[in-house]
Amino acid sequence: MKVISSIQELRDQLRGQNRVAFVPTMGNLHEGHLSLMRLARQHGDPVVASIFVNRLQFGPNEDFDKYPRTLQDDIEKLQKEGVYVLFAPTERDMYPEPQEYRVEPPHDLGDTLEGEFRPGFFKGVCTVVMKLFCCVQPRVAVFGKKDYQQLMIVRRMAHQFALPVDIVPAETVRADDGLALSSRNVYLTNEERAEAPELYRTLHQVRQDVLETVLQGQASHEEVTTKAMDYLRGRGWQPDYVAVRRRSDLQKPTPENIAAGEPLVVLTAAKLGKTRLIDNLEI
């Protein structure tokens with residue numbers, strides 16, 4: 001596996017490769033990331049991964065400086081997965097001058113849910129993903145469903161810009177107790193780690209309530225999610241949101257949508273101690 005930091009060297013290395021499968025990451029790799037590499041191999045060849053902690057998507061009070069950086073361990077893991085190239089640029093490589101041009105998602109998708117609680121986050125995500133796509137020029141790119149809103153935004157961005165890249169979704173990888181694997185799980189104390197799977201169990205309860213009451217016209221989805229947030233608060237969580245949305249565009253479902261059987265998803269973000277966790281479950 002070649003480890004490359006220069007954009008020009010990356011382009012030279014990939015010249016003539018027209019089925020590149022790409023997996024962008026911020027490093028501190030776990031089994032969830034490695035499953036993306038395996039899925040990428042099913043859709044293209046060679047597999048290219050990137051590791052870049054993107055300052056543009058971190059807010060002023062977020063964990064950019066503390067975000068775990070484990071490059072040597074990550075390199076060893078990617079080598080075992082047979083990754084062809086790891087693109088690991090420095091900030092100077094990616095942003096040799098201030099990044100004045102940005103890619104901003106539409107308000108209805110970029111400023112709700114995560115976008116409401118992390119202003120500017122998706123502008124940073126879209127900008128770096130677009131730049132990585134320009135550097136790698138993949139035919140396929142794999143994004144995990146754990147970051148459901150990010151997946152939807154990147155997919156729409158690729159469509160609206162007519163980018164020649166297929167966005168492939170990957171199922172969330174979970175620990176045996178249901179907790180979604182995340183690089184930020186390392187921040188959890190032992191007690192918090194024992195409590196953390198309750199977030200996924202709460203999503204299952206919301207799904208059950210939607211199926212048994214909302215779809216039967218006996219309750220609104222807002223009543224169901226309010227109950228879920230109250231439940232989490234009672235267990236010591238600080239939920240930002242629990243929300244039922246349409247899978248197609250992450251907008252709130254209307255009664256007509258629900259009656260017509262519109263596919264739905266429930267999404268959540270909540271703090272446990274100092275650690276903010278996100279998760280989702282399709283209904």
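Just so it is clear, glycine is given a Cβ too, placed from its N, Cα and C backbone atoms.
Swiss-Prot lists H33 with the feature active site, proton donor, giving sequence analysis as the kind of evidence. Residues or ranges marked as ATP binding site by Swiss-Prot on the basis of sequence analysis: 26-33, 144-147, V173, 181-184. What Swiss-Prot lists as (R)-pantoate binding site is Q57, Q150. Feature annotation from Swiss-Prot assigns beta-alanine binding site to Q57; the stated evidence is sequence analysis.
Overlay of Swiss-Prot annotations on the structure.
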{"residue": "M26", "record": "ATP binding site", "Cβ within 10 Å": "17"}
{"residue": "L29", "record": "ATP binding site", "Cβ within 10 Å": "25"}
{"residue": "G32", "record": "ATP binding site", "Cβ within 10 Å": "20"}
{"residue": "H33", "record": "active site, proton donor", "Cβ within 10 Å": "25"}
{"residue": "Q57", "record": "(R)-pantoate binding site", "Cβ within 10 Å": "21"}
{"residue": "K145", "record": "ATP binding site", "Cβ within 10 Å": "18"}
{"residue": "Q150", "record": "(R)-pantoate binding site", "Cβ within 10 Å": "21"}
{"residue": "V173", "record": "ATP binding site", "Cβ within 10 Å": "18"}
{"residue": "S183", "record": "ATP binding site", "Cβ within 10 Å": "17"}
Distance from M26 (ATP binding site) back to Q150 ((R)-pantoate binding site), taken between C-alpha atoms, in Å: 14
Alpha-carbon spacing, G32 (ATP binding site) to Q57 ((R)-pantoate binding site), which is rounded to whole Å: 21
Pairwise CA distance, K145 (ATP binding site) versus Q57 ((R)-pantoate binding site), rounded so that it is a whole Å: 18
Cα separation, Q57 ((R)-pantoate binding site) to L29 (ATP binding site) (Å, whole number): 19
Candidates M26, H33, V173, S183 (recorded positions) - the one closest to Q57 ((R)-pantoate binding site) by CA: M26
